[in-house]
Structure formats: structure tokens, C-alpha cells
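The L-glutamate binding site feature in TrEMBL is assigned to R48. The feature pyridoxal 5'-phosphate binding site is assigned by TrEMBL to W109, T159, D180, Q203, N245, T246. Annotation comment: TrEMBL describes 11-358 as domain 'Aminotransferase class V'. The feature N6-(pyridoxal phosphate)lysine is assigned by TrEMBL to K204.
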Amino acid sequence: MTATVTDQRAYNFSAGPAVLPVSVLEEVRDELVCLPGARSSLLEMSHRDKVFVDILHDAENSIRSLLNISDDYSVLFLQGGAALQFSMIPANLLRGTEKSAAYIQTGTWGKKAIAEAKKEGAVNIVYDAADSNFNHVPSAEDYSVPADSAYLYYCNNETIQGVQFPSEPVCPDSVPLICDASSDFMHRPLDISKYGMVYACAQKNAGPAGVTVVVIRKDLLEIGSASLPGYLQYKNHAEADSEWNTPPTFAIWVLGKVARWLTNDIGGLEAMEKLNREKAGLLYNAIDSSNGFYTGHAKPECRSLMNATFVLPNDDLQSKFLSEAADNGLVALKGHRSVGGIRASIYNAMPKEGAQALADFMTAFASKNG
Ligand SMILES: *Cc1c(COP(=O)(O)O)cnc(C)c1O
């Protein structure tokens, strides 16, 4: 048999943009030059063309049914990445109010969101894990949220530190809970009805760069002032069905295919969660059974199912680990510069074989070099 392009792929542990399902990539390749039946490429087509509008609605409907999202919520496809949401959220929900917005800070992305929110209004950091180098998330008794807060914001999975909330924070009923789910969107079932808003840039766990999914409760659409720049007002996007201006058509197309893959190939989010727990279990077990050769960054009770972060005894061993891993077809494992060490991102699309191969490599490397 001749080797295919697909055969050249390594197991890619990149934090983002990150691994996509091979079957989705192959489908995109096959349909890119001419979308079946459409006589042109999706890339060449008007976003108002019924063919694309159907693709957008299919993507929305797949996400709605995977997460069981009710009609009380709008699902929007926006640009500007997660970073624009750091500003759009307070611009719509905090600017011009007498309220303050509550933030839980458990890592780099939460910290950046807070910096942007401060430009829009009063920010109340109800919990800050900075002093412990962002190695944990708080438990319910560690913080309290004033009942008159504009909203409570948190990041469910801090991609850089590899800490993840095992369940959502406690939040008074009167306060909309807002979640940055960029690096763990659709990694397990989520009770959307507990949230005012959940958003995620796609390029970690859901698709290619260029689109950000915003799931927002419809009453919150009414708060943003019409004096905001048009693009920044959620209501405009909701009323225009994410076609207030040209949406990122390619990214939405691929996102829809990933959602369909989750539904048809994986079998839904419960099955996805089970697989994700197995994959993460392989890596954390390799850390825990290494007799201290590997040290995990996150406290065990809040270890991320998506990004496993750990260090080796010294920098030389770390470099050796990275280069030997690459020789073994395991790539993009270097940790973020602010944490150092190794970061293995094992998003939805990472097959279990990839996590197994890395775990086996880790165990062999530790016994040779420990
Ligand atoms: C990557 C990431 C972001 C930033 O995403 P951009 O699309 O680059 O703005 C924000 N939050 C989390 C949790 C992330 O992982």
C-alpha cells in the first residue's frame, strides 16, 4: 500500500489550534474544491446562499442537540476569538450599570478577561488563585458572590495551567453565570440552564480558528446598549441569525462537521466524556506512578481532562523528553512559557491510541532517565 498524507500525521498535542478528527479533515479535503451539488466551493459562496444558510443552521442544530440547549438561548457564531468576548461581555452587561461584575481568577485566561472587564466597569474578584501559581480551583466555601452582581464570570478549563472545575461554581439565582469554555466546550454534557452564557473559541476543542460560539440566554440580549459599536452588541447577531455581517463561513462549516462527528461517530457527549476520562486517566496515571519523576502542576482534584501539565526534574531532561517524544511521533508537547514543563493537550479529537502512546512513552522515559 502507498503511504497517504494521513499516514504522515503524528499525534499532535498542540494546545490550539489543535487536533481535529481525521475523518472531518478528509471530508473537508474531498469537498473543498466543489461542495457536492453546489457547483462551487464553500469558500466561494455567498453567506446568504441557501446552501450556506443551511450549513449554518445545521451546525447550530447539532450543537443545540448535543448540549440540549433550549429555545431560551441564542446560539451565535462570532469572530474576534475568545479575546473579543473578554470585552464584549462587560461592554454589554456591565457598562453603564451601577453594578459590579464578579470574577473567579484561576489562570491566565481569567486574568486577561479581568483586565478587559476593568475597562468597562467595576470588577469584584471574588476568588484569586494567583498566589498558588494557579494550581487549583476554589470550593464553594472559599468565596461568595454578592446577589446584586452583574454576572459571575469564570473559566472552566484554564488551558495554560491545566486546571479545570469539576462542576460549575455556586452562584446566586439572581446572578447570570458566564463561562469561558474555550478549551473544553462539548467535552462532556453540560446543564446549560444553569448559565447565563457559555462561550468558546473553536480552535481548541471544537473546530478551526476563526469562529467563536456564544450560547446566551435571550433576556441578556436586551441589556447591551444600542450605542455600542454594532458588532459588539449581542442582540444584533441574535436578530440577524449570525449574519449581521459576513460570518466566518469556512470555520462554521468545519465546526458543523465536528459536531456531527461528535453525534454520529462518538455517540454524543456522555460517550465523549467517558473517552476523555479514560485518556486523561492514562496520562495522570503515568505521572502518579513515576515515583516523583513527573510532577503535575494542578492539584489532583482539579486536574484538567483536556490539558495535562507537568514538569520533569530539570530543563535538560525536559528538552530530551521533547525531542525523543517527537522522534516517537508525539509532537507539540512543550508547555506554555509562563508555566514551563510539558503540556499534553488531549482534546476530543485526540484518539485514545494517542494518549496511550504518550503514556507509554512517559513511563519508558522515566524508567530510563529516573
Ligand atoms: C485560547 C483561549 C482563549 C483565547 O482565545 P483566542 O481565540 O485566541 O482569543 C481564551 N480562553 C481560553 C480558555 C483559551 O483556551
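Just so you know, glycine gets a Cβ as well, placed from its N, Cα and C.
Those TrEMBL annotations? Automatic predictions, nothing curated.
A map of TrEMBL features onto the structure.
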residue : record                              : CB count, 10 Å
R48     : L-glutamate binding site            : 9
W109    : pyridoxal 5'-phosphate binding site : 21
T159    : pyridoxal 5'-phosphate binding site : 28
D180    : pyridoxal 5'-phosphate binding site : 28
Q203    : pyridoxal 5'-phosphate binding site : 24
K204    : N6-(pyridoxal phosphate)lysine      : 28
N245    : pyridoxal 5'-phosphate binding site : 12
T246    : pyridoxal 5'-phosphate binding site : 10
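Among the recorded positions W109, T159, D180, K204, N245, the ones whose Cβ sits under 6 Å from an atom of ligand 1 are, in sequence order, W109, T159, D180, K204.
Calculated from their C-alpha atoms, the gap between the residue listed as 'N6-(pyridoxal phosphate)lysine' and T246 (pyridoxal 5'-phosphate binding site) amounts to 23 Å. Taking every pair among W109, T159, D180, Q203, N245, T246, the residues listed as contacting pyridoxal 5'-phosphate, the largest Cα to Cα separation comes to 30 Å. The average pLDDT computed over the domain 'Aminotransferase class V' (11-358) stands at 97. Separating the Cα atoms of D180 (pyridoxal 5'-phosphate binding site) and R48 (L-glutamate binding site) is a whole-number distance of 30 Å.
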